[in-house]
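Annotated features in TrEMBL:
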- A:6-25: transmembrane segment (TRANSMEM)
- A:37-58: transmembrane segment (TRANSMEM)
- A:62-112: domain 'NADH-Ubiquinone oxidoreductase (complex I) chain 5 N-terminal' (DOMAIN)
- A:78-97: transmembrane segment (TRANSMEM)
- A:128-417: domain 'NADH:quinone oxidoreductase/Mrp antiporter transmembrane' (DOMAIN)
- A:134-154: transmembrane segment (TRANSMEM)
- A:166-184: transmembrane segment (TRANSMEM)
- A:204-222: transmembrane segment (TRANSMEM)
- A:243-267: transmembrane segment (TRANSMEM)
- A:370-389: transmembrane segment (TRANSMEM)
- A:404-430: transmembrane segment (TRANSMEM)
- A:442-461: transmembrane segment (TRANSMEM)
- A:490-511: transmembrane segment (TRANSMEM)
- A:592-613: transmembrane segment (TRANSMEM)
Amino acid sequence: MDYVFLIPILPLLSFLIILFTKPIYKKAGLVGTTLTGAAFLCSLVVLFSHFAQGNYLVEANWFSIDTVMISVGLEVNPLNALMLVIVTLVSFLVHMYSMGYMANDERYATFFSYLGLFTFSMTGLVLSPNLLQLYMFWELVGVCSFLLVGFYFYKPEARAAAKKAFIMTRIGDVGLLVAIFLLFWQTGSFELDVIFQAAQAGDIAPSLLTLIAILIFVGAVGKSGQFPLHTWLPDAMEGPTPVSALIHAATMVAAGVYLVAVTYPLFSASEVAMTTVAVTGGFTAIFAATIALAETDMKRILAYSTISQLGYMMLALGAAGYTAGVFHLTTHAFFKALLFLAAGSVIHAVHEQNIFKMGGLSKKLPKTAALFLIGSLSISGFPLLAGFFSKDEILATTYGDGRYVLFVIGLLTAFLTALYMFRLYFLVFLGNRSTEAREAPSVMLIPMMVLGVLAVVGGYIQTNWFGTFLGDWLETTPYTIAFVHPEAPFWIPLVASLLAIGGIAVAWLVYGRKTSIEESNERNGLHTLLYRKYYVDELYQGLFVRGSRVVAYFWMYVDRFIIEGGAAAVTYAVKRFGQAGVKLQSGQVQTYSTVAFSGLVVVLLLIAVLGGYF
Amino acid sequence: MNESFLLTILILSPLLGIVLLSVMPGNHRFINYMGVLGTVLPLVLTLIVFSLFDRTVSGVQFVEYRQWFELMTSISPNEPYTVAYDLGVTGLSVLFLMLASLITFLASLTALRLKESAKGFYILFLLLELGLLGVFVSENLFLFFLFFEITLVSMFLLVGKWGGFNREKAAFSFMIYNGIGSILLLIVIIVLFVEMKTTNITELTMLLKETDSLEFLSGDTRTWLFVLLLIAFGIKLPIVPFHTWMVRVHVEAPIAVVMIHAGVLLKIGAYGLLRFGVGFFPQQLKDMAVVLAILGVINLLYGAFIALVQTELRSVLAYSSISHMGIVLLGVASFNTAGLQGAVFQTISHGLIAALLFLLVGVIVDRFHTTKLEELGGVASQAPLFAGFLLAAGLASLGLPGMSGFISEFLAFLGLFESMPVIGSVGILGLILTAVYMLRAVLAVTFGERRPLFDGIRDLTAVEIVPSAILLSIIIWIGVYPAVLSNTLQLARTIGIGG
Amino acid sequence: MTGELLVFIVLFLITITGGLLMLNLTKVIHMMMALVLTFLGIAGFYIMLSAEFVAVVQILIYSGAITIIMLFGIMLTKHTEAEPKTGWAKKGVVFTGIVLFFLIMFKGIRTISLGPQADDLHVNNTEQIGIMLYTDYVIPFELVSVVLLVALVGAVVLAKKDEKDEKEGEQS
Amino acid sequence: MSSVPLSAYLVTALLLFCMGLYGALTKRNAVIVLISIELMLNAVNLNLVAFAKYGVGASIRGQVFSLFTITVAAAEAAVGLAILIALYRNRATVNVDEMNTLKK
């Protein structure tokens, strides 16, 4: 276990090596892939040694605020170990995939160095034992996301998207930051252990605890693209597709869910906070799913699907389904990464993202098509695939927690998920439109296959039939948290499966049978509303962007006219005073003597008045 | 402690360069290099002081004390007023000292491309450095004031002669504002001198702290003195609405001077506030903490909002300095260890970051001959290295963890949230705005479509890479290992407040 | 009212009228003439003060020589145009200052009365002055003569046209 | 005792002095300025002579002094006029407003 430190260090090394050898060494992809692969192996070893040895924590002093020593450290507990494996695995696969996908890009090396930095930050985030360290890596992954979204920096859309991604997540981050401050002054520490103990002991007032939990959740909302801070995630699809797979599907956006899971003792202590999480999650799930129905860009559909699935995870966590949430996080990482990589493979082949301009690709790209199908089935919750089990777990938890409205929303979302995923699948891969395309190289196919296998079998770590291995392991925690394990009614998986198949069937009826479908420009009201994403972007543009510009211009004019004017008045007064002096220096003897005489009179007057002569 | 002449040698060391420069013919080929060499000696000496500084002992170190002159007055014929030549460094000032000589050295490197009247420039530049070093090693208010004025005069000449289009206006507004500031400062010094019969800073701190009975100065007088100090250093910092001069200087002055100005000179305001405001009048500061905090929030948001709509890179950075200095105020206002430590960190960190940013602006001016945001863009294609540094500097400025800006802002706000959570919540919005305007400006320069106009532009040259890399690595070093500052600072012992 | 007082009043009126005329007339020549009146009035005061010799000198030098010199000066320079007006603001400042000055001094000297009156001044007035000049004040007297000589030479040098100027004048 | 007191002479002299001063400060013609100065000198002379009769330790010395003053005044008038003429030749004016060479 003592080599845990290697896990973040190896990707960091990859980042540094590539950064400094960029001009001279051309095999950046190989370096990055190898080092990340090594990190993945280490994570596996750590995971297995955790089974044997239990939790692990190492800390060192970092700096001090007066008498309070702030430390840095590495912590391994079940949740961390699991996340580590997911992160390093997906990162490794994406590295490998990128060697093919980015092969012709002139900033190939830069891309891999960013990937290395991201992997470092993400593993660092996962390993953090205290909130300060967590926050630092939290921001760092945001920056990596920003850098990678803006990778095609010469595209104005990429620039805007990168900026948006950074700023929207920062809004959330500020919430998290405030929560950290409040926790520090309540408990005197950033250490999660200390904080949890204080929370359990009731040292924090309940109302304050609720506030803190909600603030933490704000951070998670920003990072995980939950409503209302979701708009950056679809735009972030401007980045290269492997990045979308790694950051905006599997790992970074899941960090929000991870954050809520990490600070779960705080949430479980506050009913209001739990409800907030659940309602936000549920709403986001169905909200994003409906938008995905009308979207035409392949990657954006997947992005909205990610938002929707993340909402699902939040819903699970809010409904006390700790295991369910983390479980769905795991399976989602597999099938969503797979979907993105497969989408990338399609884009790589046809250089097109509008699904209405594609079709019949299953003949040209049979392997990609098959893998995409696996992913789609998995996410739709098709029986016996990974997504099926995790989705069931969530639905069962929600039902068991007594949140029936959210339960119905969950079911509806499951139906919509199947619908939009297969709308995408049928439009892109079926039909007989012929497009020029060639199957991707094997360096891209292999990672997809690995993920494909995981998307199929990943669900068996936690099932009601073969044992709840994952849950038992995850829930070994020293804190008393009310983990809910309801007896799931037998009909839930059944209904869920039926809805999934129903969704696929509807998609088949609408999109699958026709040979080619043109994108229609006539939209009715509902369709337009969905197509414009409920006008949220427009609303934000009008309300916040314009609003802040109005405020800014107001202050600028205040600055320019009132403050500068005041300053100018002062300078003017000084100048006039000086000019008066200059005027006296006219060079005319009469003026000089007048001044001298006036001085004499003043002195005489003073003497006369002060001396009492009058 | 043994008497040593290290500090005297240190503050006089720029003189060597001045003398050598003044005997060289003005059109000599190596005159610029001579100027740079002149700043190396102080840097080396500062490094010696920095490394010899004992971090385990509290109090003033390297003390030098010579009686300078005595004033006999009719008020107290038996007790002459003594003014001393009094040098020494504390944990706080040694950091500022390091900052000053480092940035001066790096700034002198950027002035290498100066062609006209380089001799005069470097002489004044070294004089400015002398003043700066003196300000930070003075243990005596009179000496402090003396060196403070040296910086003003040399700065005035540097801006006025080597500045941009509106240089004279900028120089004059610099002089008028700072002149007012020094008058107020002088008033405070004189009142303290008359009342306390000493101008030794440490002695004053002890005396003013121990006399809770207000033996020396009444509470009202102290409040007034504190307000005067606040305005005097507030002009320097600058606090809104005393900031217009600083924006002008930032826009007009030559880049090397702006680096020093943004990096060190403005920091005298923070130094003064921390050393004198906090040191002499802790009670008054506590009473007025809310006012200070509100001023800080105004600075933070005001600067950020205006930076949001500036169309010129230098103005953006100027207003961003205002915004960042708001955080220093917030840290001071919180008046606890975290906050004060944050204020010091922020001062140092912003000094480094601003210097780096302006160094890169200097490159922009040199290569593109414009700093208008709309005329720039897509530079990352033609000058990737430059774009990388600019992006890194911008990220450092908006408080990216792992760089010095984050830890400073974090500490300042951490402190603020203990004492004034409501004001803190308003102020923290500034962090979002910072990200918005900084990204807007930096991305407008680096990202965007490739402009054929800039094809064939030279990327950073070695003489630009070295200072940028040094600054960036220090920024990252502090960000990753803040103990390097906090160990030296010994805040509780330096300023004299308990946690 | 004694005769002396009557004479004083008459002389006072003459003197002040001359001064006021000088200040208010517009033509330079007229101003000069008004001043001659004042100088004569002052000479009258000298006689009243038992200073016959000084009075005579006053008439000779001031009313005669200096006036003539000034008239020459006026004629040699432009004098046809009227005296240009000075701004009211400046006049006002000067006038106020002078009035204040006058009031203060007036207050001081209004009731002044010093020691006994000297009785023997009118007895051989010129002789007394001559004796005094050639005994106690012989050195100042000689110095004054040097001053006069220097002034004479200086005036000639100053008023003489520069040779350089002359040449330039010829060339142009 | 004489029926005219010392203060009467002094007040007359003061008036003359003030008039001279006013003229010297406000008149534009340099000749008149010179003359005004002469008037001020005359006022002083009047004082001297008056003190010679009524002053502390009154004696003939006051009159001698006034003679010196007159001499110096004459010299001053001569030199002043010479300067004036030299100036007039250079600048073709006797207006003191235009005589501002002190400024340069």
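Cβ from N, Cα, C; glycine included.
All TrEMBL annotations are machine predictions without curation.
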Item to check | Range from A:78-97, A:166-184, A:243-267, A:490-511 with most C-beta pairs under 8 A to the transmembrane segment (A:404-430) | outcome: A:490-511
Next on the checklist: Quick check on the domain 'NADH-Ubiquinone oxidoreductase (complex I) chain 5 N-terminal' (A:62-112): DSSP residue counts for helix, strand, coil, in that order please.
Outcome noted: 29 helix, 13 strand, 9 coil
Checklist entry - Same-chain Cβ contacts of the transmembrane segment (A:134-154) under 8 Å, 6 or more residues past its ends? => result 107, 110-111, 114-115, 117-118, 121-122, 124-125, 128, 161-163, 165-166, 169-170, 173, 176-177, 180, 219, 223, 235-236, 238-240, 243, 247-248, 252, 255, 259, 262
Checklist entry - With pairs 6 or more apart in sequence, are the transmembrane segment (A:490-511) and the transmembrane segment (A:370-389) linked by at least 3 Cβ pairs under 8 Å? => result yes
Next on the checklist: Are the transmembrane segment (A:204-222) and the transmembrane segment (A:37-58) close enough to be called in contact, which here means at least 3 C-beta pairs under 8 A that are separated by 6 or more residues?
Outcome noted: no
Item to check | Cβ-Cβ under 8 Å with the transmembrane segment (A:6-25): same-chain residues at least 6 beyond its ends | outcome: 31-32, 35-36, 38-39, 42-43, 46, 84, 88, 91, 109-110, 112-120, 123-124, 127
